[in-house]
Amino acid sequence: MGSMFRSEEMVLCQLFVQPEAAYISMYELGEAGIAQFRDLNPHVNDFQRRYVSEVRRCSEMERKLRYVGSELPEPPPPPKPSPTVLSPREINILEERIDYIESEIQEITRNAQNLKNDYVSLKELKLLIEKTQTFFQDHSHHRKISASVQVYNNEGVLGHLGFIAGVVATPRVPSFERMLWRISHGNIFFKQAQIDEPLKDPVTGHELQKTVFVVFFHGEQIKLRVKKVCHGFQATLYPCPATYKEQQEMLAGVENRIKDMEIVLEQTEQHRRLVLANIARDISTWMVVVRREKAIYHTLNMFSMDIVKKCLIAECWVPKCDLPILQKALDNGVKQSGSPIPSFLHHVPTREIPPTFNRVNKFTRGFQNLIDSYGIASYREVNPALYTIVTFPFLFAVMFGDIGHGIIMTAFAAITIILEKSLAKKKTDNEIWNIFFGGRYIILLMGIFSIYTGLIYNDIFSKSLNIFGSGWRNVYDNETLMRHKTLELDPATAYTQTPYPFGLDPAWQFASNNIIFLNSFKMKLSIIFGVIHMAFGVTMSVVNFNFFKKSYMIYLQYIPQILFLLLLFWYLCILMFMKWTMYSAVATDPAYGTSCAPSVLIIFINMMLMKKSEVKPPCSLYMYEGQEALQRSLLAVAFLCIPIMLFGKPVYQMMAEKKKKKYQQGVESGEVTEAGGHEGGMGEVLITQAIHTIEYVLGTVSHTASYLRLWALSLAHAQLSAVLWQRVLRMGLGGAVPAGSLLVYATFAVWAFFTLAILVLMEGLSAFLHTLRLHWVEFMSKFYEGQGYAFVPFSFAAILESEDDELAPHAGAAPE
């Protein structure tokens, strides 16, 4: 949890590693994931680095494994635990095996492709023979004309007519026929018949609609033209006998060949499935091994080579608490490689800003991602994620307060958490699901807090729960109740003066002024929560000032800022509490009765404008004695804080710079150097500080008003829930007995759909985005810089996770 409060302390280390021990040491560092290496060869081309041949070798093996994975009919099983380190001999054996498997799969695929092409050709020839038998019959005179046809080079000649038969794609038939007509000037006879059974393309597996055709022509010139047109339209030509007897003989032979081909295809496919099944058991493990090997050599290419000492030199950022792990990895590399020279670890002092690293677990990772989306924290500054774990779901629940909707959200999150291990193994490219699953713990807390605020609002699907009994009682008799549609309850007589123990009194559910009451209540709560949230954000800057040893900023920035915020807006919150406690329907003093309760907003506006309002007796102009003097004092002190915020920091920096120059002595002469300051530097500081001051002063007002979104979205959510109940579900519950029973099912389905789609999903997303804005702008802007850069260690887990989806999209893409 200490790492969540502030990022880890980082150390820049220089490593001196022997080349023979480098591979093993890098393997252990990749498993640990604790070091972010720097490229010490930024100007060296990638193809000129030391281990470029090893990287190419691993890339080639990875390419071959991806190809084999694309041929698998289904995703492979997860990888098995691999040995700690593979020796060069084991890597060579693995490479040879991958090469053999690739060539075997390619040969099997090529043979299967050729067999499928032959099978499709035989099917087309069979269908062509069956269709063309009708083309050689004169149906008008019912006589055979094929008897007088002579066969010459597989092309029929009828008297002086020749013919060509083949198969062409059905969509091309009209264009094909027109082209034949044009090139022959109408001196052809074209017959066609569409194949009813679609054929499968042996390459893509798609269904193809084809048509059998026969072209009768006269002369060799037209025959050559017809063949060119057939070639242009990608038509397949087949030899077709002219006599009926020869056609039957060929048809019988083709059918026998088709049966034999089907048997061969089945055996080939079984062999292919068997080979792929044997490969699928190990392909994921091989892919992990190859990717680790590639990552190691890619990282080793970032090292520089000391030619004199014959060792590799590396620089890396490491968390200070993980230095023993780094030293152990270096020692293990030397020990396992048998190198007589040990590897050395040296701390390098530097003024370079280290990367930011916050240790997270599966619970805190989602909240840390919310903060990192705004900006990576500056090195060692306060991390807002720790407090966001509580404030984010709470502010969300203020806008989403409903017991029923909170239970739905909590149940969904609880299911994903219970099944998270099995769900995490199912890799998917569905971004919406990945977002929900990644934020399952955030959704769980949002649901739990929504149940809590729903109990405070006493709201479950727009209905109230009367658990403890209402504090209001009925003061009218039955006759009066029957005679009037609405009646007013006087708090002096109808209220028992005993508040409802927890949450809102259920009597407000039936009140006609329910919205007016909730408006006032939720609006004031929004302002109170907003001021507390912003004051907490301003106070967090003190922690940064103390840590970075800028104690003067506490007096020149924090104190003026917090005074300006509290003297104006926390005083506004105090007035709200005073109004709630001082004014009552049973007050003995008429000046503190409900009719004299002042508007807190009007009092605040009059305070800022220094004006007075007119009141009628017996009401009092002020809520307490000395209110006017106190308000003027608060206003004066608040406005006096503005020049301190504006000029305090620039003046202090100017005085510190002068003091530094005054005592800066020359190294040789011992005289005071007259090194001039940066020209225009003070003006730049003043302009920057003026911008920050104006932003804070105006932002204090606008940010306080921005928290009213808590009230607006809460009210909208409650009213939408009430509309769905009254206009949808209530209609089904009020029907007659026979038809009403069926109507309940229909209306409940509609109500449940809109509850999930609108109130839970859409309203939940809206409340989430508004809560995110309140944290990013209103809260974090008070203390959070977010100018850092993330710590990206050399980690096998991170590398494999980022590349884990590469193999899955190709799985199952094998042609049928």
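For all residues, glycine too, the Cβ spot is worked out from N, Cα and C.
What TrEMBL says about a protein is an automatic prediction, not a curated fact.
As annotated by TrEMBL, coiled coil applies to 91-125 (among others). The list of residues near the coiled coil (91-125) in space but at least 6 beyond its ends in sequence, with Cβ under 8 angstroms from a Cβ of it, reads 57, 61, 64-65, 67-68, 71, 167, 195, 199-200, 202-203, 210, 236, 238, 254, 257-258, 261-262, 264-265, 268-269, 271-272, 275-276, 279, 286, 289-290, 293.
Restricting the average to the coiled coil (244-271) gives a pLDDT of 87. As annotated by TrEMBL, coiled coil applies to 244-271 (among others).
TrEMBL lists 386-419 (among others) with the feature transmembrane segment. Here the transmembrane segment (386-419) has long-range neighbours at 1, 4-5, 364, 367, 370-371, 436-437, 440-457, 459-461, 465, 525-526, 529, 533, 536, 540, 709-710, 713-714, 717-718, 721, 755-756, 759-760, 763-764, 767-768, 770-772, 774-775, 779, meaning same-chain residues at least 6 beyond its ends whose C-beta is under 8 angstroms from one of its own.
According to TrEMBL, the transmembrane segment annotation covers 439-457 (among others). Residues 362-363, 366-367, 370, 389, 392-394, 396-398, 400-414, 416-417, 420, 502-504, 714, 718, 764, 768 of the same chain lie 6+ residues outside the transmembrane segment (439-457) yet bring a C-beta within less than 8 angstroms of a C-beta in it.
The feature transmembrane segment is assigned by TrEMBL to 525-548 (among others).
Annotation source TrEMBL lists transmembrane segment at 554-578 (among others).
With a threshold of 8 Å between CB atoms, the same-chain residues lying at least 6 positions outside the transmembrane segment (629-652) that come near it are 552-553, 555-557, 559-561, 563-564, 567-568, 571, 607-608, 610, 682, 685-686, 689-690, 692-693, 696-697. The transmembrane segment annotation in TrEMBL covers 629-652 (among others).
Per TrEMBL, the feature transmembrane segment maps to 748-772 (among others). Sequence-distant neighbours of the transmembrane segment (748-772) (same chain, 6+ residues past either end, Cβ-Cβ under 8 Å): 370, 392, 395-396, 399-400, 402, 405, 408-409, 446, 461, 709, 713, 716-717, 720-721, 724-725, 728-729, 732.
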Same-chain residue ranges lying at least 6 outside the transmembrane segment (525-548) that approach it to Cβ under 8 Å: 6, 380-382, 384, 387, 391, 395, 398, 554, 557-558, 561-562, 565-566, 569-570, 572-573, 576, 700, 703-704, 706-711, 774, 778-783
